[in-house]
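What follows is a short report on a single structure.
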Ligand SMILES: *Cc1c(COP(=O)(O)O)cnc(C)c1O
């Protein structure tokens, strides 16, 4: 459920007509709903009620400062994957003891930054990383709290590019190495292995892969405890999928996911962390764009809109589907026709949808691409020298620009000219 609904014939974000925001900031722009972000965070938090837990929002999904502050005020922790994300989380007021650090390629500088600034735990992804983290922490006279990410060899049955838990994927250590790696950790001066981490992929639409992975985590917890390791925290990753298409069968709810966690891991008396990203932010945002031209095609007509693949790359990168709706509510029974919806970028990959049935549209009409709050703005680029588009946050009847559109001058000024030119 989200808070983008038609009211009086106009698509609203909460109590604000999106057309009013379009007038104020120009198109294209991203728009996020505070009520939806809040609702989604609370669904996870409530799903784990009664268990010692922390919901660490995977901020790579949407790392705008205003989004982080909204979630931080609700008690969210953050899952960060770079020094930049760590800095963003701290700048948004998230305390270090609510930040977990994931990622396969942490550098010495990133480790030092998090150790000095405060960190809840590092999710360590390899043996060389464990050695390096110990050396960096020991050199600072510290001991780094660590969960080791295990690769459970489970197929998340999701898109190839976002499956992370199969043995051929680059993430985590093979479960067969776990005993040796935890033993090594115990012998190192600068790390303390306190937990186990797992994350098997993104946009999962069934619970079975989670169940398989968490079952392996439960077994491993018992075995490592027998080996003498004090495993007291389990980080279960993110990955629960969202409905990108209205009306189709929806993925499992956070409450079902919480029940699964309770059933598979509840008796271990561990502190539970989860790292949802997409489900918190995805359906809390949309991308508003204007029709620039309607161009006759050989098959469908083209709607050439002012948003492009550089603003939202998911269709080009993953073949992803986004529902597309007009900002003016179509009359019931109004005629429709199939359109190919494309952006202005000079690549055929710059296509948002093919043969999409929409009411008849004309130049200047406004559209919304739904489910664009996660992996949207954060993956944007300035390809074709199209400045990054603004982001807007709505809260009830108020809205605010939370990242402004840079001018062409600001975009160009980031380049510097060498002395010989
Ligand atoms: C991307 C990622 C997440 C979030 O995944 P979602 O599908 O957005 O919930 C969580 N943990 C790790 C380690 C990730 O890489």
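Residue 1 is the first one shown; counting continues down the chain.
Using N, Cα and C of the backbone, Cβ positions are placed for all residues, glycine too.
The record from TrEMBL ties 239, 275, 276, 277, 278 to pyridoxal 5'-phosphate, and of the options 182, 339, 375, 383 it ties 375 to that site too.
Of the recorded residues, residue 278 (pyridoxal 5'-phosphate binding site) and residue 346 (active site, proton donor) place their C-alpha atoms 29 Å from one another.
Checking Cα-Cα distances from residue 60 (N6-(pyridoxal phosphate)lysine) against the recorded positions (277, 318, 346, 347, 375) with a 10 Å cut-off leaves 277, 375, in sequence order.
Among the recorded positions listed (239, 275, 276, 314, 346, 347), 239, 275, 276 have a CB atom closer than 6 Å to some atom of ligand 1, in sequence order. Between the candidate recorded positions, 60, 278, 314, the densest Cβ environment within 10 Å is the one around 278.
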